[in-house]
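A quick write-up on the structure given underneath.
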């Protein structure tokens, strides 16, 4: 009995030391979020153990878990839901059933998942896009772009751009009854990255006739040029998303070579010829003072990686690196950031950069927000925070699109 108690005690200590993250005082439903965080960290720990033992790669294990949450395209009395393709790119399409005397609004949504995981078929994203289509009486398209590490950058961007360009064709807009002047591109997390990059490309491409009316970016990840922002330091062992996990996932977006995440952890991954890009992500200038706090800005060290990855200097991969002339043509933009989020400062800096070049930006900051909250909107893992962000997002679209 004594040995069993000792083993149980040791297991409890191991669990707490590896998986327990103290909750900030202002977090709503803190016990539920603590449980969800422990589940996420347990899955990460298990995946890393399997990878170290040679059983399967980290991303293969996590992908298996994500696929358990995929849904079928079930229509209901209000919305017809179908899985189809736009130029060979899988999409889930939501079409309102009620008749409309005028052309409808449309939303193109890019799901999050660190470029490696997820799908528009996930229960939470299916729920969100169905809700959006029904509430707005809008056509909604969920894009299932190719995932890393089977497909590295620029595959994800190319899929997103191709799907959007196809949807913007006159014959396709007519087919689905969409008003070409009322189209929005949205995305969360890594999907927010793709929404940002695709919107930049569409708005600056003279050959694309129809443009985007607005973009919505929900806690987006927009750069890795500097991997040690204040939000990275504050949320190094963050809720759901830690710095190590974020670095691993974004590294897989570019390469399977373990040298990249090692260099990123030291903030030494940028190539020697990239110093001119630092001004676009200099948090000591671009962050509001309340988020800079007493942190001291240190420029990333160049050349810590023995080879150069072109994607690290490409604004299609890291849209915060776009120059001011690329930003000036952007549409009305809504950006939502969360306080307790590793990616918080990416969104905050983009707000500043867009406003500096005259783009109209609406910014909401969730003081008790965490990364990935929209993934927790359905049973058994729903959070009031996720439903609150859903309502803010859809309400803003309804008023402005």
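Just so it is clear, glycine is given a Cβ too, placed from its N, Cα and C backbone atoms.
Note that TrEMBL annotation is computational and uncurated.
Lifted from TrEMBL, the feature list:
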ACT_SITE  189  active site
ACT_SITE  341  active site
ACT_SITE  371  active site
DOMAIN    107-257  domain 'Alpha/beta hydrolase fold-3'
DOMAIN    311-373  domain 'Alpha/beta hydrolase fold-3'
SIGNAL    1-18  signal peptide
What same-chain residues, at least 6 away in sequence, bring their CB to under 8 Å of the CB of residue 341 (active site)?
219, 231, 235, 238, 241, 369, 370, 371
PLDDT averaged over the residues of the domain 'Alpha/beta hydrolase fold-3' (107-257):
98
Including all protein chains displayed, how many Cβ atoms other than that of residue 371 (active site) lie within 10 Å of its Cβ?
25
